[in-house]
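What Swiss-Prot says about this protein:
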type: DOMAIN; residues: 1-159; note: domain 'Obg'
type: DOMAIN; residues: 160-327; note: domain 'OBG-type G'
type: BINDING; residues: 166-173, 191-195, 212-215, 279-282, 308-310; note: GTP binding site
type: BINDING; residues: 173, 193; note: Mg(2+) binding site
């Protein structure tokens, strides 16, 4: 499935149905009064976070959504039915912005959350409402009120517990494939991963979600390479797993490059808990391994974990380190109650 993390959409709720002009007509009742019913309310436009989605690709092919108009009122005081609603289904982690792409309307972070984007117009009054002492047979009814319309931006920030960061070819996709059922594209050239990928890792009977982010290079925050566009997908993570390839000539410099890009991006990424690992250590002999570890330790101020997704060395230790941070963060997270939401 193709990946799309931003889309512009036009939505319009349904107009209200028109009220009816009608009079009671029955045998032996010569002067039946007005009995025109009210129009039905127009359909609403809802946004709902659903399970099983991790892209906004559907909104590349359809950008206009309109709820149905309410049914018109009828005689015998029959009110028209409400117009059918429209529900836009999006992945959890989707933010909705106004047309300026800056003003946040809502943020759907949990599967099952629903938000009312546009409320349907009210139905018009039938002529029964206009009967007075001086006008016993009003021939007047109201049209329904128009629905609301707006242009919105949908922006997806994937929800994962841990985010993989590092330079291209640091072994992020290989690690993701080794510890989850995900099947990312893996090859020996830069930017093999062009879009974020998700996988579920399991350790000690507990599970967490890992996001593989396309590699960063120096100047990514200025648009170099494929830029820092996808860094938004690690904003919601609880911990970063920073992989530095053992094949780097200068692991310390590689580490500092990625940290500088995280800092330049902002939004608190540089402050997130970071697990540091020297990956692809199976490609080194003992002497080379010591030198690379020393270089990385000098740059980071702490010793890295050693990891090889190919041989399995250090994989369980890294997963346990990630799970420890994630479990603590989950315990501290308090549920947030939003009064604007309807379910």
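Here the Cβ of each residue, glycine as well, is placed from N, Cα and C on the backbone.
A simple way to gauge crowding: the CB of residue 173 (Mg(2+) binding site) has 24 other CB atoms within 10 angstroms, across all the protein chains here. In the three-state DSSP assignment, the secondary structure recorded for residue 172 (GTP binding site) is helix. For the pair residue 166 (GTP binding site) and residue 173 (Mg(2+) binding site), the C-alpha distance works out to 11 angstrom.
When the alpha carbons of residue 214 (GTP binding site) and residue 173 (Mg(2+) binding site) are compared, the span between them is 9 angstrom. In the three-state DSSP scheme, residue 280 (GTP binding site) is classed as coil. Within 10 Å of the C-beta of residue 172 (GTP binding site) we count 31 further C-beta atoms, all protein chains included. For the domain 'OBG-type G' (160-327), the model's average pLDDT works out to 82.
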